[in-house]
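**Student:** Attaching a single structure in structure tokens format; questions to follow.
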């Protein structure tokens, strides 16, 4: 098995290297990159300066060597257009892609996929029932993943907005370290809408627990409510509805208190 994995890994690395070489050659053979970067109105001196600046005056094999060795260190270079790190651009878009996929994926389908992968194929975790704390890992992931993408998007948008604020620029100008600026000043204000959203998402998770408990055969509050509705057991249904409503109200109250602690301006009125 070890030799098989080793051979397959070598093949995968070979394919990755081949794709890198072909894509590099095609992009560099499509035209003069220096002219494309400089624009149609650039002079010959400007084009020559850009060619030297980005190393485009070197032989193609040397350019590929420098690029490939940097890639092995997760350095994809700088964007010609955005003037920022390529890795940061990709990471930013990748996080947004993961968030969109997470929002579009139904919770019951995701729960079944987790069962097939981790319970049936890998046999790492139980598929259903109550067999210790391991039985709650997959249901917790299936129930909680839906709220994560929305909070990721909101946190990202909030951080991007806050980082452009005047007080953040002032903090950077005073020489504060980046972790201090982010965690002490920026995150404190960016997380306020996230706290409010978290309360709403936790309320939705209570409703989604009915589906998740059915998928994983858990006899929880959601399954009790579903069984009671099908049996016309109205006292149980009424009690479950009241408990869920009180829990949701408590979450909303807690989020209001936390937001007031984070932003004293919210205490007025």
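Every residue, even glycine, has its Cβ placed from backbone N, Cα and C.
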**Student:** For the feature transmembrane segment as recorded in TrEMBL, pick the matching range from 47-63, 132-148, 149-165.
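**Tutor:** Within the set 47-63, 132-148, 149-165, TrEMBL attaches transmembrane segment to 132-148.
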**Student:** Test of understanding: applying the rule of at least three C-beta pairs under 8 Å (pairs 6 or more apart in sequence), is the transmembrane segment (132-148) touching the transmembrane segment (108-126)?
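**Tutor:** Touching, yes - the transmembrane segment (108-126) and the transmembrane segment (132-148) meet the threshold of 3 or more Cβ pairs under 8 Å.
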**Student:** Which sequence positions outside the transmembrane segment (236-258), separated from its termini by at least 6 residues, show Cβ-Cβ distances below 8 Å to it?
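**Tutor:** Long-range Cβ neighbours of the transmembrane segment (236-258): 195-196, 198-199, 202-203, 206-207, 221, 224-225, 228-229, 266.
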